[in-house]
């Protein structure tokens, strides 16, 4: 995967449009979590040191082409001032005369943040005219947002047709980490895929069985595989209408010599809530009225044995109903074991997706994985083997 990076760009005195992801939680006009702002600091500082005039582009939430005052990026500008230690200029537009005036006034090293891109319907339509209008404000373009690179949007894809385009440092670091996960990994490779519904990850599973040596399936989605193997799963979450597709994954795994690792025991209760009575049982003994809420100790031990045999681990999704104690135990136990292996240098560990990040933070080991991606949809599409539009655009720009 080859594309130009900002290290190759002459940015001195240039207007540099930087696509960032400042889609952050806000409450009462203030940013609640600066994590995503911090991720882009390295790229912004690198451009500053080399004399660039920096114009930041971002979306926030889903205003669907309408101006929604509570989704304005003005509070983000204030939060960014604290992080950067300098004034951040802000314009309540993305294109037009006010933006042009603000850009013309920028000095080298100064930063301008434009308004929420998704206040414009044309952004999500990948509209060429809107992309060209954005491009007129800059001399070159930098994509620093892996988390939006699965979107063929105007500020991600179409804009690259109008400006020389480069990868920022956060994007470059993410792609390098992911390459170690599935594209060019050390073997054996294990993928852990969990979550509630198998319907949301069938494409991921179909791709992974052709790429990994072991595929661990947990969470509610594992119930479908257990049912496909003839097990009773009681009242557990399941999607019977997808049974043929699940059986196809099982067959494809067999043909690809990928070992499927499914729960062999479980923690079972009658309801999915804190304080509900629960007990341990083997998969063969799930009661008709029971719900599988977490993996059991035998399953944890089996997964840890697979991790012991792995040089690369890719993880997306929890292994039980981790939001409800004590059904977070399986996810926490495996996460801590994987983190310890990674810290000792025994495996490269890569995890991603919103629930996964939350779960690993909950387990206290998020910082112990080799790489943790905050991207949700982009991470899943990478796991599906798709080439992301934002990354493809940078690769094509290099060819041109």
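The backbone N, Cα and C atoms fix where each Cβ goes, glycine too.
In the three-state DSSP classification, residue 118 (substrate binding site) falls within a helix. Positions annotated as substrate binding site by Swiss-Prot, on the basis of sequence analysis: 21, 22, 23, 36, 59, 60, 61, 62, 118, 151.
Cβ neighbour count for residue 354 (ATP binding site): 12 (other Cβ atoms within 10 Å of its Cβ, all protein chains included). DSSP assigns residue 354 (ATP binding site) to a helix in the three-state reduction. As annotated by Swiss-Prot, ATP binding site applies to 201, 323, 353, 354, 355, 356, with the evidence given as sequence analysis.
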Cβ packing number for residue 23 (substrate binding site), 10 Å threshold: 19
Pairwise Cα distance for residue 21 (substrate binding site)/residue 354 (ATP binding site) [Å, integer]: 14
Top Cα neighbour of residue 356 (ATP binding site) in the set of binding-site residues 23, 59, 61, 118: 23
Site with most surrounding Cβ atoms, counting all protein chains shown within 10 Å, from the binding-site residues 61, 356: 356
Alpha-carbon distance [residue 355 (ATP binding site); residue 61 (substrate binding site)] in Å: 18
Substrate site span - longest C-alpha distance across 21, 22, 23, 36, 59, 60, 61, 62, 118, 151, in Å: 18
Max pairwise CA distance, angstrom, over record-listed ATP binders 201, 323, 353, 354, 355, 356: 20
